[in-house]
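Have a look at the structure below before the remarks.
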Amino acid sequence: MSDHTETPAAAGSGTETRSGARTSRVASYAQRFGILIALVVLCVVLSVANEYFLIGRNIVNVLRQTSINGILAIGMTFVILTRGIDLSVGSVVALAGVTSAAFATTSSIAAVAGGPFPVVVPLLIGLLVGAAAGAVSGLLVARYNVPAFVATLGMLSAARGLTLLFAGGRPIPALTDGYRWIGTGDVLGVPMPVVIFAVVFVASWYVLGSTKFGRRVYAAGGNPHAATVSGINVARIRLSVYVISGLMAGLAGMILAARTGSALPQAGVAYELDAIAAVVIGGTSLAGGVGHVAGTLIGALLIGVVNNGLDLMGVESYYQQVIKGVLIVAAVLLDQTRNQRA
Amino acid sequence: MSDHTETPAAAGSGTETRSGARTSRVASYAQRFGILIALVVLCVVLSVANEYFLIGRNIVNVLRQTSINGILAIGMTFVILTRGIDLSVGSVVALAGVTSAAFATTSSIAAVAGGPFPVVVPLLIGLLVGAAAGAVSGLLVARYNVPAFVATLGMLSAARGLTLLFAGGRPIPALTDGYRWIGTGDVLGVPMPVVIFAVVFVASWYVLGSTKFGRRVYAAGGNPHAATVSGINVARIRLSVYVISGLMAGLAGMILAARTGSALPQAGVAYELDAIAAVVIGGTSLAGGVGHVAGTLIGALLIGVVNNGLDLMGVESYYQQVIKGVLIVAAVLLDQTRNQRA
Amino acid sequence: MRDALLEVSDLKKSFGGVTALSDGRFRLEAGSVHALCGGNGAGKSTFLTIVMGIQQRDGGTIRRNGREVSFGSPAEALENGISIIEQELSPVPAMTVAENIFLGREPLKAFGRIDFARMNDEAQKLLDRLHFDISPRARMMDLSVAKLQLVEIAKALSYDAEVIIMDEPTSALGESEADQLFTAIRRLKEQGKGIIYVSHRLTEIFEIADSYTVFRDGAYVEAGRIADTNKQDLIRMIVGRPLTEEFVKENAPGAETVLSARGIDSRNGVRDVSFDVYKGEILGFYGLMGAGRTEILERLFGLTAHGAGTVTLHGTPFSPRSAAEAIARGVAFVTEDRKESGLVLSATVRNNVCMASHDRLSGGLSMTRGAERRAAERMIDMFGIKTATDTLPVSGLSGGNQQKVVLGKWFLTEPDVLLLDEPTRGVDVGAKREIYRIMSDFASKGGTILMVSSETDEILGMADRVVVMRDGRVSGELSRAEMSAEKLVHLAA
Amino acid sequence: QDDPLKIGAAVYGLNAEFMQLWSEAAENHPAVQSGEVDLTVFDGRYDALVQQEQFETMITQGFDAIVFVPIDVEAGATAVQQAADAGIPVVGSNTRVNSDLLTAYVGSDDVQSGRMEAEAVLEKIGCEGGVVILEGPIGQSAQIQRLEGNMQALEACPDVEVLEQQTANWSRAEAQTLMENWLTAHPEGIDGIIAQNDEMALGAIEAIKAADLDVADFAIAGIDGVTDALVAVQNGEMTSILQDAKGQAQGAIDVAINAAREGGHEPLADLWQQYPDMEWADGAKGEYEVPWTPVTEENVGELLEMRQ
Ligand SMILES: Nc1ncnc2c1ncn2[C@@H]1O[C@H](COP(=O)(O)OP(=O)(O)OP(=O)(O)O)[C@@H](O)[C@H]1O
Ligand SMILES: Nc1ncnc2c1ncn2[C@@H]1O[C@H](COP(=O)(O)OP(=O)(O)OP(=O)(O)O)[C@@H](O)[C@H]1O
Ligand SMILES: [Mg+2]
Ligand SMILES: [Mg+2]
């Protein structure tokens, strides 16, 4: 008993809360202002520095380039809110990519017998594979108390191995047009990856902010003991968030395959780092219970804008790495000093 | 000592402690038994499966192959005990490797003017660079409240960029014999990397278990607020652990360069994952305050043995990845179920 | 005879080698308040958490309305009409009061959306009914311990459960809030509910309970009707031997001013507070919840930014910027919230006790193991801390014993000036007396004590002088001769 | 002279030496030096999607031509398609891409290098004994093709047993560990080491030294001709097959300039003189094959000189 709540160091960091759940929700967005300002400042600087940055086409590029990491980061937000972490997303991206692609390729070597199938079949397969991978990690964490870091690191390694085995180490090429549409199609001029990202974002906003499940995710992360005593099945919540993260990884894997036109077994390496970074930059605490997908969106955009801007300006690769490191820290620093207590 | 007992959840599980310090210290190691047993089981299986596993030469191999990750993991243990994380160790390995190597190369292109210098000069440079990188991360975390994940992710990127810039993207070859001795020499037949690892391990055991500083690391991680009220300068402790981690990365970077014969700017990629894995497998909690370097040692050995064993048996690369993932989780699972309450 | 709401027999529980409960027995009738009494570590909380399904028993039976039950989780207990106020407050810090109260059973509107408006409304109504002055929209992490406790009370009552377990619900409360709780309890009793009540404040038990059950060392000792017993007997049952007077006070204040505050400010509205404390004196601070007493101590100890005003210690300016500086000047601070700021729960008893005395216990770099062990053993002895060894994590100690560890930690620093914020929170009668004796000895030997307390008895029993606070200002100062419960309450309100 | 041509070089990753040599050579192309071409090198960070995104960026900025070194044969095709849709010519270099929209490909035949290095090893061990193969990341085109070449050579020596075959991901440190373990598992059996790049061969050499064995007892070969490998060749420790990064990079830029100018460009790079077999053919050919150069004790001094 006596689970240690641990108000993280920032507890009560000068946030005046008076008038309510509503206000408190607004306040919680206000805490993102720091990082939002960082994003805006960065965008202003970039649009002054480079004539192409603000043109519609580049904005579409940035959004499209953010969408995969953004989708992963949203799934990751759920996991991190429960004090967990999912290192396996990059590998699951590849696993879902190749398994679904096998049902959607016109190449006779790689196809599953009878294929290619109409797009819904590979789509379901990809989601299913992602969810299954998430369920395995989730079970290990929720039911067998394996630390999330270890469980998902195991999955990172195992899923990558399975992917390579399944695909024989080679890409699965020649995907059907239906499948490719997920990555290259558009709706009223908005590219599909962006559309999917938007839908996922809105859905997660709704789920986390307005549903019972969302409250339980926050509670299970904020104080698992209190949640349990309040009759919440914390293990089930924990399991669910890994399934959600797996689903998102599955989705991202298919978008990736569809965008690149073939499913690569070595896709997605180290994607977990960017996804976690987006979440943490967005203000979600790795200690659980505190954070919001809106922050994650901004975090993901920030990373996307930095990558895009540095490429646009043709900054040399090595300098890029230095600058990127500095910028990410600077953005959070700006946020941090604003929110610091006293 | 025996701060490091265990996960609060499993508090006092099955440990008969009556006769004081001695017993309790034994008990605290007993709690590592789960993972130690996993290691022993694995070793037994491997020595049955492969005739070469238990021969002296292979044991030396395993130890040597474990030493770099082991040294990193020991530094990481300090950081994780304070609730932090250091993602930058892989990059700092490379940075310290190339900067120190520049003082120890006989190649006229890469050398710092006046070089090569006697081995103590590059050695000090490497340690200094590591410590400096750690100090920057540490300052960001301790003084500016940047989440450790973000601060060290920034350092991961920046240090890699600096390394590549410094080395011009090329290896620094032709290191002096003195320098190479760090990686290839031996003391009474024990390879230097193993000797250094052993020294680092014993020193960290002493520091964490028996010094004021060690006590404070545990306190600062277990409950920073309570530690502060007890007169502990938590910020200073936090800063110190990142410096220690940086020093360890510096050391590891030099050993790596000395072993491979030239300092590669792309060395150490993703080393942080294995280092963190060793720490967590060894029972140190990412929530801080609980854990022990002895566990880290076992965790690092476990990873080393898995890699070595699979190579020895000639398991195919794809299967290796799957098996490795499963084994790591299985080892922790064995530990977990043993320690679980009720 | 009607089936009891709850009947427990032969309940057993041990943690590894440590037996927490060997024979737990209890019978709760409808429409009654049943006090569960016992010293620190007697097994009360263990018993109650098992009933609630938070922990699993090793043996024994639990009957609910005559039917044997076995709760695998608190969810099942809640379904069976049992709710709990746990001893250790356990809020979800980033959530609002209303969200905490309705955790897991939020009111919904269309499409499964949570009806935040209704949730806040209902929380407001609930809090109003209980006369708790808390906004349902405030976030838990912004609340003081006392308010957290009120929220937990409101939450437990809101389940409309038939059996309500209250494990030291008033330990962080002042008397007026406790009175609000008692009003609510009486109402529940009339509705035929059963309440299990745990408190180390015996006056409360005689005020509210109908019957009692006493545990000692994990085993049932005796049960009966409150009407048939008295304080002396109850103490005898709890402690196992008779105790005479409750307060031990032998110190006499000297004339030398030790600490002197002039016009100090602090955050949360503490303004212009001045006082002097003398060598050998116990200065009490009394006030209602939120009067600003804690802030004054935090300010003195260097934990909050310094506002206006000056403080001198032994005649020299004293404005520490960190706890370390304060400790170096011989000041110690037993904080109010042991879980938040007092203890490292994952660390052992020994390491917690030694935490503020590292310099004293080390020879240069190395800690002196022997010295640490002896120090811990001395404090375990001095405060009667019940623990199998000093190398167990404090998270495995009972609440009252944890409090004693905090006291031990600060006495070990051998301070001149002791700042005590609710020092006997959750401590049993026997140990309380011990602590009062230690305080008295400390002052007699020339130590100085500043003691914040919400218990009038404690102030009246121990303080040489009392500063009464109201809304962040000093509303009066009374000498020992002038003190009375009425005057204290009058000045505080 | 009008505005400089904007040419982008999208390479799969710059963290290792070979692509660094490649991009340095690209920057040193006479047309870039003279300002005729404004060259931007994009680091693909070993990720097919990142490369594709860099194509999007170049298209947005209206580049005149792109030189492409893809991370993957298949995944690069989409990027090429996008550029083609935008009317930007793409010239492949070093690594193939499975697309018929490529203006041309300037590179070397990996199958051939795989065969050459394996033959060098087999010759040294007299076509009998045991060999191990250190592979690149499985599935990458260089790994697939070099392995194909390895196998072609091995077919000619049926008495040679392949004892182990495993990826070390182009990495020296990984190869060193792998080799240490193999030396334990095959205490007497390993005679030859076929490493699909130099880094891995160098790792194997270090492992042999660490095991107190004599490097001279092993036949070791790698591919690429990175600087450390040249030194090792000079020391008689291994054989390497030089991949002409400079030739590939500069040749591709010439072809790209020609495509951007829609013909008529006079090639400026050295390689057109260096290799008599390479014919410029008005930049109109679909494939330019840059020959491999086995590094021998004779030419190694000169090659090292060029690296200074
Ligand atoms: N998780 C645990 N691990 C080990 N021992 C425990 C644990 N929980 C309780 N104990 C032990 O069980 C005994 C009974 O503790 P419990 O908390 O039930 O006492 P209590 O009667 O509630 O005391 P208090 O009045 O101080 O709250 C104590 O000796 C305590 O050390
Ligand atoms: N609104 C608030 N925001 C942050 N912290 C607060 C707030 N109100 C109180 N606290 C903190 O909570 C702790 C207890 O405060 P509170 O004033 O309620 O305590 P109390 O013991 O009931 O009364 P007193 O202040 O008289 O000691 C103090 O540390 C105080 O600083
Ligand atoms: Mg209790
Ligand atoms: Mg107070």
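We count from 1, first residue shown onward.
Cβ from N, Cα, C; glycine included.
Just so you know, TrEMBL annotations are computer predictions that nobody has curated.
Here TrEMBL flags A:33-55, A:67-85, A:92-113, A:119-141, A:148-168, A:188-208, A:239-258, A:278-303 as transmembrane segment.
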At least three Cβ pairs under 8 Å linking the transmembrane segment (A:188-208) and the transmembrane segment (A:67-85), pairs spaced 6 or more in sequence?
yes
By a Cβ-Cβ criterion of under 8 Å, what residues six or more beyond either terminus of the transmembrane segment (A:278-303) are in contact with it?
6, 8, 10, 28-29, 31-32, 35-36, 38-39, 42, 62, 66, 69-70, 73-74, 76-77, 80-85, 201, 204-205, 208-209, 218-223, 328, 331-332, 335
Within the same chain, where does the transmembrane segment (A:119-141) have neighbours whose Cβ lies under 8 angstroms from its own Cβ atoms, ignoring anything closer than 6 residues to its ends? I mean 6 or more beyond.
84, 86, 88, 92, 95-97, 99-104, 147-148, 151-152, 154-155, 159, 176, 178-179, 181-182, 238-251, 253-254
Hey, would you say the transmembrane segment (A:239-258) packs against the transmembrane segment (A:33-55), going by three or more CB pairs under 8 A that are 6+ residues apart?
no
Mind checking which residues reach the transmembrane segment (A:148-168)? Cβ under 8 Å, same chain, six or more beyond either end.
79, 83-88, 90-92, 94-95, 97-99, 102, 110, 133, 136-137, 140-141, 242, 263, 265-266, 272
